[in-house]
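The feature transmembrane segment is assigned by Swiss-Prot to 18-38, 61-81, 107-127, 143-163, 176-196, 211-231, 255-275, 293-313, 345-365, 371-391, 402-422, 429-449, with sequence analysis given as support.
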Amino acid sequence: MTSTHADKTGDVASRTGFVGLVVGAIGVVYGDIGTSPLYAFREALRPFTADGVHEFEVIGLISLMIWTLTIIVTFKYVLFLLRADNDGEGGTLSLLALLMKKMGRNVPVLFFAGLIGSALFIGDAMITPALSVMSALEGLKLITPAFAEYVPPLSAAIMIVLFAAQSRGTAAVSMFFGPITVLWFFAMAAGGVIHIGDDWRILAAINPINALSFLAHAGTVGLIVLGAVFLTVTGAEALYADLGHFGRRPIQMAWFVLVFPALLLNYLGQGALVLSQPAASADPFFLMYPDWALLPVVLLATLATIIASQAVITGAFSLARQAVHLGFLPRLRIKFTSETNTGQIYVPSVNLLLLTGVLMLIFSFGDSESLATAYGISVTGAMVITTMLAFQFLRAVWGYSFMLASAALLPLFVIEVVFLAANLLKIQDGGWVPVALALAIMTLMWTWTRGQTYLKKLRANNEIPLDSFIRSIERKSDHSPVTVPGTAVFLTSVPDRTPNVLLHNLKHNHVLHEQNVILTVWTEDEPYVPDNRRIKISQLSPRFVRLDINFGFMDDPDVTRALALCREGGFKFEIMKTSFYLGRRNLVRTPNTGLPGWQERIFMALEGFAIDPSDYFNLPSNRVVELGEQVAI
């Protein structure tokens with residue numbers, strides 16, 4: 001009796017937890033794609049409004065939207081990519097890390113694919129908040145046209161408040177994200193259901209033949225409107241990127257039970273409304289609702305777009321942390337805003353970069369119609385990159401043959417390339433903005449990676465082999481350095497070479513500690529490393545120990561905490577009797593270098609932007625000794 005009751009209680013708790021994950025996924029994962037109905041159909045109709053929209057065009061466009069959602073979101077992301085995880089983590093960099101683990105790090109195609117995908121995502125993280133919030137506030141123009149001039153400043157004010165709040169964390173309000181977004185999807189579904197009966201011909205859009213027929217007869221205009229049709233799936237990358245936060249089943253359940261049906265009903269309702277009232281093509285989303293409901297819907301839409309923006313910002317923070325740990329960016333200051341959830345982080349430099357970009361976009365474009373033309377390129381580009389990485393995943397991880405992997409993904413790849421081509425037609429109309437943003441970010445990441453590789457090669461060639469140094473220093477002679485009590489830890493990224501900071505300490509202080517640790521921190525190509533694989537201790541001589549500490553690319557690189565695990569490995573030391581020796585690099589430009597002059601200057605600027613290793617690795621500040629060294633590049 002008691003056992004049965006306990007089992008039932010556990011089942012209820014398990015179901016409650018699962019429902020909570022589903023609701024949370026709706027708020028975070030689907031916030032972006034859930035705001036697309038605000039503008040997607042309106043923008044797709046725009047090329048046809050001058051001559052009046054016709055049944056063939058409305059049904060064809062809605063059919064394209066339905067099947068774009070079905071093929072790209074349902075088949076590619078929900079059913080396939082959510083299974084292509086790296087120990088439960090998803091996203092472009094996570095998939096890249098898994099492939100590097102399987103195929104090696106020195107695969108240029110993989111490396112540049114990861115850089116491009118990451119850069120495109122950051123560009124998308126600037127455009128999404130600006131476009132979605134302006135689209136929501138523009139519903140106020142239907143209440144009174146006088147609101148039109150206030151949309152940009154109101155949007156900017158909301159963005160400033162949102163970005164300013166990031167440093168305090170979102171834990172206090174995130175519990176409301178899911179319920180508010182659920183309400184938003186119900187409101188969208190209700191708006192669609194009310195109007196589908198306006199013209200039942202819209203149900204013909206369910207037949208994919210109508211989508212193909214539209215493309216066959218629309219000619220060049222058909223390719224142009226594909227760029228707007230693609231707006232229906234912006235935000236799909238979030239499904240994959242947030243896999244680690246919610247898990248595969250809750251994300252899939254949320255899509256099939258609420259999100260997908262609500263989107264289909266809303267788009268069908270917008271189409272039926274325009275078929276029955278062609279003038280509604282000016283703003284079909286908000287015109288679906290009666291006058292008395294317009295203000296509440298605008299307010300709910302604004303909340304939904306703020307939540308969608310928050311999800312994109314959080315994703316950008318997470319991507320930046322992964323990029324830092326994988327060596328694509330310099331050490332950035334990362335603050336944890338929750339004591340219990342390590343996924344809730346704040347990256348001040350990324351926050352400032354995004355806010356600056358968002359405000360520039362709001363005031364440069366002025367309205368969502370203009371900004372929508374710039375949208376899509378970054379998203380389609382990121383999706384094409386993900387499909388390319390997924391092809392390698394099928395071959396390297398799942399063992400598919402080239403022909404089988406091609407058969408699985410080539411049709412999808414062709415569809416996405418067509419969408420990318422359609423979006424590239426908008427380059428002159430503002431599409432250059434996300435391209436320029438992505439190129440700038442990619443250049444920074446490539447320069448940092450190339451510069452770090454060059455410095456490591458330089459050190460490997462110029463520094464003394466560690467084993468030779470230890471043999472010479474352990475020989476007893478009249479010139480041997482004085483031995484002092486305690487432990488000295490020397491951080492280095494090239495563990496088989498003698499750290500310069502160790503040589504400088506000997507040269508200037510003429511002492512050697514009783515215990516000397518050559519410490520190297522490694523980032524593995526997996527999200528998390530368990531404690532039993534965290535450290536590796538190698539005794540090199542009576543006074544020298546090599547210590548390797550391994551972190552995953554989603555781990556907090558807390559070296560002090562990791563050192564506490566050394567006791568379990570038989571290596572004992574007292575933290576208050578330990579000194580951490582760090583080398584502070586001062587880069588000096590030289591004529592002969594492995595980097596072009598422009599890249600040298602960028603790399604030196606990035607080097608100056610990086611935070612101190614003592615802060616990044618959470619070393620006790622009162623136990624850190626820094627010695628300067630000049631490095632010629």
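Yeah, the Cβs are placed from backbone N, Cα and C, and that goes for glycine too.
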Is it true that the transmembrane segment (107-127) and the transmembrane segment (345-365) have 3 or more Cβ pairs under 8 Å, skipping pairs fewer than 6 apart in sequence? yes
With a cut-off of 8 Å between Cβ atoms, can you find at least three pairs linking the transmembrane segment (61-81) to the transmembrane segment (176-196)? Only pairs 6 or more residues apart in sequence count. no
Sequence-remote contacts (6 or more beyond its ends) of the transmembrane segment (255-275), Cβ cut-off under 8 Å? 22, 26, 30, 33-34, 36-37, 40-41, 45, 53, 55, 58-59, 61-62, 65-66, 69, 73-74, 78, 182, 185-186, 188-189, 191-203, 205, 232, 239, 281, 284-285, 287-288
Outside the transmembrane segment (345-365), at least 6 residues beyond either end, the same-chain residues with a Cβ under 8 Å of its Cβ set are 122, 125-127, 129-131, 134, 152, 155-156, 159-160, 163, 166-167, 169, 313, 316-318, 320-321, 332-337, 371, 374, 430, 433, 437, 609
In the same chain, which residue numbers or ranges, 6 or more beyond the ends of the transmembrane segment (176-196), come under 8 angstroms Cβ to Cβ? 20, 23-28, 30-31, 34, 37, 202-203, 258-259, 261-270, 272-273, 276, 285, 288-289, 297, 300-301, 303-304, 307, 310
Most CB pairs under 8 Å with the transmembrane segment (18-38): which of 143-163, 211-231, 293-313, 371-391, 402-422? 293-313
Could you pull out which residues elsewhere in the chain have a CB under 8 Å from any CB of the transmembrane segment (143-163), counting only those six or more residues past its ends? 129-130, 133-134, 137, 294-295, 298, 302, 306, 309-310, 313, 351, 354-355, 358-359, 362-363, 366-367
